[in-house]
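A.B. asks: Taken from Swiss-Prot, the feature FAD binding site covers G10, G11, G12, H13, A14, G15. For 269-283, the entry in Swiss-Prot reads NAD(+) binding site, with the evidence type sequence analysis.
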Amino acid sequence: MQQFDIIVVGGGHAGVEAAAVAARMGARTALVSFDPQTIGAMSCNPAIGGLGKGHLVREVDALDGLIARAADASAIHYRMLNRSKGSAVQGPRVQADRKRFKAAIQKMIAAQPDLHVVGGEVAALRLEQGRVTGVDLADGTALAGRAVVLCTGTFLGGRLFRGEERMDGGRIGEDSAHRLAAQLRDAELPMARLKTGTPPRIDGRTIDWARLPEQPSDDDPWTMSPLTPARPLPQVFCAIARTNARTHEIIRGGLDRSPLFTGAIGAQGPRYCPSIEDKIHRFGDRDGHQVFLEPEGLDDFTVYPNGVSTSLPTDVQVAMIRSMEGLEQAVITVPGYAVEYDHIDPRALRRSLEVKAIPGLYCAGQINGTTGYEEAAAQGLIAGMHAAAHVLGRAMPELDRANSYMAVMIDDLTLHGVSEPYRMLTARAEYRLRLRANNAASRLTPIGLAIGCIGDERRKWFEDRSQARSRLETALAQPATPTELNRAGIPVRADGARRSLMEWLRFPEVTLDGLRDWIGNEPFDPLLVEEVEEDAAYAPYLARQDAELRDLRASDAVPLGDGFPFADVPGLSREMVERLERAQPDSLAAAGRIAGITPAALASLLVHARRRASAAVVA
């Protein structure tokens with residue numbers, strides 16, 4: 001029997017990050033995939049990033065993950081969403097060449113020491129005394145492991161729907177994992193079903209592009225990862241089509257054959273990526289919906305029509321697509337479909353993403369009730385880090401809602417659970433001024449260095465950057481008066497106040513380039529300059545949050561632990577006890593984020609938790 005420290009099940013976006021980070025930390029790791037040739041495949045849209053999602057990509061990258069570098073290696077269209085708003089809510093997004101993205105992931109996986117790819121279906125978990133000890137493959141092969149990370153995506157009990165058609169599978173043309181799903185249900189883990197969908201693919205040669213408005217790539221040469229020196233591929237434009245009254249009429253006429261409306265699909269789909277049937281049913285008064293036509297590659301004629309995810313019958317899909325201007329002659333190469341799949345209630349997980357009831361078993365990605373490549377990648381990274389840290393005996397630095405979107409997502413999942421596929425949004429983060437996409441390295445790379453998941457190239461880059469930042473901050477500590485700035489051609493109001501140059505950067509008239517008389521002519525990295533200028537601009541707001549943040553971290557340090565006796569806490573009403581027992585918060589801070597928990601209930605919890613801790617010390 002082959003022996004591993006970590007076994008990762010599934011080669012999607014969660015699986016590759018989990019396996020890669022565990023191997024980077026020095027754990028002997030197996031990545032098990034149905035078909036190794038599909039590792040890193042983009043199952044749905046050929047894009048990475050977006051609002052909230054782009055923050056996750058940058059955070060995974062800051063911990064030396066794969067997704068951002070693969071996105072840059074395959075990007076054929078860059079667009080910064082929300083560019084007109086503050087940087088805290090801007091969303092970097094790239095359109096990727098689907099084949100090149102997968103190739104980039106597979107190249108990094110193949111080059112990673114201590115990472116071994118195994119082809120096959122995981123049919124069962126190996127368990128001893130309630131703890132996971134490895135996996136059994138469908139061909140009879142057994143793999144021993146000290147921890148297992150499940151990253152099954154939509155393959156866990158997956159079933160595909162298109163009109164009246166029904167097929168087993170997690171993705172078109174690929175099998176689903178029914179035996180593993182049955183074992184998890186038999187273990188009495190809390191499970192449910194969710195659904196997602198994908199639009200039809202179109203042959204781009206049959207689109208009349210000249211009649212459609214173009215959406216070009218951004219001119220300024222930003223990249224997803226700071227380790228990418230320049231964009232390696234030529235850029236293409238996307239185009240925008242639009243549904244119309246005729247389109248809506250066709251869709252309504254096909255609803256009686258849609259599995260969403262016949263009752264064949266009972267699971268809830270993603271709120272922020274609804275099917276076109278659902279859009280027309282819910283928003284029938286609108287005169288049209290945008291459809292973004294996104295090329296899937298430089299040497300691939302396939303186009304992804306973003307905005308028309310559907311499980312309507314193929315003939316209805318053809319009529320729907322051809323009803324739109326510019327698409328009258330469009331040829332569908334692969335019809336759209338919906339997929340329904342099993343997921344675990346994420347409230348059954350610790351914040352490490354370890355299953356509470358089965359020590360050594362971790363879950364990441366859509367199995368936890370999320371949707372999206374970026375959410376999956378972030379969970380895979382966190383689960384892999386925690387699994388490797390546990391196996392290798394390392395202390396895991398704490399991530400919390402004030403230092404990462406990843407922690408916001410995991411806290412939301414493990415505390416509140418899901419009733420629909422969870423998507424990251426900037427609005428979910430209370431401390432989003434601290435969690436900008438462009439400062440992810442400053443926030444998280446030191447944590448990665450502490451846990452040992454950062455490679456040599458990023459370590460050298462970060463050390464050089466930290467030294468440059470130190471030099472810049474030293475220069476910006478110099479004081480200056482309004483008169484001195486005016487003499488340098490900077491038109492600030494002459495209020496007589498003497499401020500540090502860092503404080504002066506809060507004023508809109510002052511830029512770092514304008515302060516060259518003080519800081520010299522060192523050519524600082526533009527991304528570092530942008531980050532420092534924004535740190536200065538946001539400083540007053542961040543200072544106001546400091547007291548709140550201290551309270552958060554202090555209450556996070558009051559553990560409640562598994563099996564906390566909420567019913568024994570004096571002063572808690574029956575309603576409070578029921579809410580707490582349902583959510584099973586692991587700290588006082590987590591209890592405070594449960595809907596309906598009152599300040600009085602938290603005060604009672606605090607007193608009881610401290611008494612228990614004191615009694616445990618005495619004992």
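Every residue gets a Cβ built from N, Cα and C, even glycine.
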A.B. asks: Looking at the binding-site residues listed here (R271, C273, S275, H281, F283), whose Cα lies nearest to that of G12 (FAD binding site)?
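C.D. replies: Closest recorded candidate to G12 (FAD binding site) by Cα: C273.
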A.B. asks: Name the secondary structure element type, per DSSP in three states, that contains A14 (FAD binding site).
C.D. replies: helix
A.B. asks: Suppose the FAD site is G10, G11, G12, H13, A14, G15. Which further residues of the same chain have a Cβ inside 8 angstroms of that site's Cβ centroid?
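C.D. replies: Same chain, not in G10, G11, G12, H13, A14, G15, Cβ within 8 Å: V8, V16, E17, A18, S33, I39, C151, G153, A364, G365, A376, G380.
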A.B. asks: Expressed to the nearest Å, what is the distance separating C273 (NAD(+) binding site) and H13 (FAD binding site) at their Cα atoms?
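C.D. replies: If we compare the Cα positions of C273 (NAD(+) binding site) and H13 (FAD binding site), the gap is 19 Å.
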A.B. asks: For each of the binding-site residues (A14, C273), count the other CB atoms lying within 10 A of its CB, then report the residue with the highest count.
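C.D. replies: Of A14, C273, the one with the most crowded Cβ is A14.
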A.B. asks: Reported as an integer number of Å, what is the Cα distance between G11 (FAD binding site) and K279 (NAD(+) binding site)?
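C.D. replies: Distance between the two Cα atoms comes out at 32 Å.
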A.B. asks: Among the binding-site residues listed here (G15, G269), identify the one with the smallest other-Cβ count within 10 Å.
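C.D. replies: Counting other Cβ atoms within 10 Å of each of the binding-site residues G15, G269, the minimum falls on G269.
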A.B. asks: Using a 10 Å cut-off, grab the number of neighbouring Cβ atoms around the Cβ of E277 (NAD(+) binding site), all chains included.
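C.D. replies: Its Cβ shell of radius 10 Å holds 25 other Cβ atoms.
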A.B. asks: Taking the Cα atoms as reference points, how far is S275 (NAD(+) binding site) from A14 (FAD binding site) in Å?
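C.D. replies: Between the alpha carbons of S275 (NAD(+) binding site) and A14 (FAD binding site) there are 24 Å.
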A.B. asks: When a 10 Å sphere is centred on the Cβ of H281 (NAD(+) binding site), how many other Cβ atoms does it contain?
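C.D. replies: So the Cβ neighbour count for H281 (NAD(+) binding site) comes to 17.
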A.B. asks: Can you give me the same-chain residues 6 or more apart in sequence from H13 (FAD binding site) with a CB-CB distance under 8 Å?
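C.D. replies: Correct list: G40, I67, G365, Y373, E374, A376, A377, G380.
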A.B. asks: If you compare CA-to-CA distances from F283 (NAD(+) binding site) to each of the binding-site residues G10, A14, G15, which comes out shortest?
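C.D. replies: Its closest listed neighbour, by Cα, is A14.
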A.B. asks: Looking at the binding-site residues listed here (G10, A14, G15), whose Cα lies nearest to that of K279 (NAD(+) binding site)?
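C.D. replies: Of the binding-site residues G10, A14, G15, A14 has its Cα closest to that of K279 (NAD(+) binding site).
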